[in-house]
């Protein structure tokens, strides 16, 4: 399962002002920390008791030596990458289980006997959708409690889901465990990681998020062949148990490093001190300001999110099974997943770096258009060709291009929201749009699975024609939407056109 996967991040990073200060160096932050703290301390508080409690440690938070800050940033980045590598990597390798379960569906007396590809695909769809649907709640809990605690709980649920799934006797057992529980566990760990990490970056935001979210691709690159080898040697049940145990160790170690950036922590402490109820911050999540929600650029970005996420995971889920229709073995099918994830990682880092120089919105437009062109130019023709060698060549080209460019959307999406809506509105906008992305995946991916049809004539790959058409159409719709977003970004607050290339 990919990018945006990715698959795709940084829900509430810019709810803290520090995240937006792209041009402020670490040395400058340290040099002016004391004077800034004194200015804030001199401001008369509206609520003396709560403010006094929250302001007392503020100078300590801001007096962070540059070397110490850089070291902590590196630790947070590595820890966030590890969580993304583990949680998203296993989710993005679901194609391995999809292929195994589809084989079992043709055999008697298995948990999947008689199940259609769409029925089996629902397991992965539930997991990948819930990974982002719960984003606003996880961000709120990370502020109300310790992000370390939330991530640890998520790590426990994640591993428990895999181990419980290994004992499944019916299809619905896997939908509940490997689907719902795994998705909830992923959400609690993944969203903490991609929310905490960006608060530590003052520059190179695109590159930083690219490195962290490349964990989805690198994770899939490692986990896909590893799970395939484990399934072949010990069976899919023991493979799940092994993956659950390894994931627990990696996620717990990484979760221990999760912490807010000092300035962000100070603001969160002030928010928590002002709370009047224990339930405040648990069930209450940020809502998008109506003045923003009614704007054209919000509508355009929401449409782009819906169209892109509805079909983004379809190729990733069905790489292995589609490869078999072209004459590839199960092992080769797993290698296609690994290849896609390798390109996923390269694309997120390279395009994230380029986006810092050419503009994040510009990069978002270009990558979305290329992913749409790759689908209609390579994947669709590979389903229609009667020549096996031609179909295989087209599919390899599609795997590489889609892996590089479609996955970049996941890394560029949160950064583009900062450009569009500002740091103060980022948390609420990002949380809502990630929830929308999850809901779109929950609908689009099963629909794509239903479109797989058997054909009495032509190549077996022809059965995927409907899925490729759906993917192509919605990716082009997403491309039109991001172009609309780019045009709206050129309109200034006074309603006049702003001629600016780098956006």
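Glycine is no exception: its Cβ is also placed from the backbone N, Cα and C atoms.
Automatic, uncurated: that is what TrEMBL annotation is.
If you look up TrEMBL, you'll see 1-15 marked as compositional bias 'Polar residues'.
Residues annotated as region 'Disordered' in TrEMBL: 1-57.
For 42-51, the entry in TrEMBL reads compositional bias 'Low complexity'.
What TrEMBL records for 72-490 is domain 'Major facilitator superfamily (MFS) profile'.
The transmembrane segment annotation in TrEMBL covers 73-100 (among others).
The transmembrane segment annotation in TrEMBL covers 120-142 (among others).
Tertiary proximity for the transmembrane segment (149-168) is limited to same-chain residues at least six positions away from its ends with a CB under 8 Å from its CB atoms, namely 83, 87, 90, 111, 138, 141-142, 174, 177-178, 181-182, 184-190, 192-193, 236-238, 240-241, 243-245, 247-248, 251-252, 254-256, 258. Per TrEMBL, transmembrane segment is recorded for 149-168 (among others).
The transmembrane segment annotation in TrEMBL covers 180-200 (among others). Packing against the transmembrane segment (180-200) from elsewhere in the chain are residues 9-14, 16, 18-19, 69, 72-73, 76-77, 79-80, 83-84, 87-88, 91, 126-135, 138-139, 142, 147, 150-151, 153-162, 164-165, 208-209, 212-213, 251, 254-255, 258-261, 264, 414: each is 6 or more residues past its ends and has a CB under 8 Å from a CB in it.
Taken from TrEMBL, the feature transmembrane segment applies to 207-227 (among others). Cβ atoms under 8 Å from those of the transmembrane segment (207-227) belong to residues 1-3, 5-10, 77, 80-90, 92-93, 95-97, 193-194, 197-198, 201, 239, 243, 316, 334-335, 337-338, 340-353, 355-356, 403, 407, 410-411, 414-415 of the same chain, restricted to positions at least 6 beyond its ends.
Sequence annotations record features per position, and here TrEMBL assigns transmembrane segment to 239-260 (among others).
According to TrEMBL, the transmembrane segment annotation covers 298-320 (among others). Long-range contacts of the transmembrane segment (298-320) within its own chain (CB-CB distance under 8 A, at least 6 residues past either end) are made by residues 1-7, 92, 94-96, 98-99, 117, 121, 124-125, 128, 220, 288, 292, 330, 333-334, 336-337, 340, 368, 375, 379, 398-399, 402, 406, 409, 413, 416-417, 420-421, 429, 433, 436-438, 440-441, 443-445, 447-449, 452, 464, 467, 470-471, 474-475, 477-478, 481-482, 484-485, 488.
Summarising the annotation, TrEMBL assigns transmembrane segment to 361-381 (among others).
If you look up TrEMBL, you'll see 393-412 (among others) marked as transmembrane segment.
Marked as transmembrane segment by TrEMBL: 432-452 (among others).
Same-chain neighbours of the transmembrane segment (464-485): 296-297, 300-301, 303-304, 307-308, 310-311, 314-315, 318, 322, 325, 361, 364-365, 368-369, 371-372, 375-376, 379-380, 383-384, 406, 416, 420, 444, 447-449, 451-453, counting only residues six or more beyond its ends whose CB sits under 8 Å from a CB of the stretch. The transmembrane segment annotation in TrEMBL covers 464-485 (among others).
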Beyond the flanks of the transmembrane segment (393-412) by at least 6 residues, Cβ under 8 Å: 2-9, 206, 209-210, 213-214, 216-217, 308, 312, 315, 319, 322-323, 326, 336, 339-344, 346-348, 350-352, 355, 360, 363-364, 367-368, 370-371, 374-375, 378-379, 381-382, 385, 475
Average model confidence [pLDDT] within the domain 'Major facilitator superfamily (MFS) profile' (72-490): 87
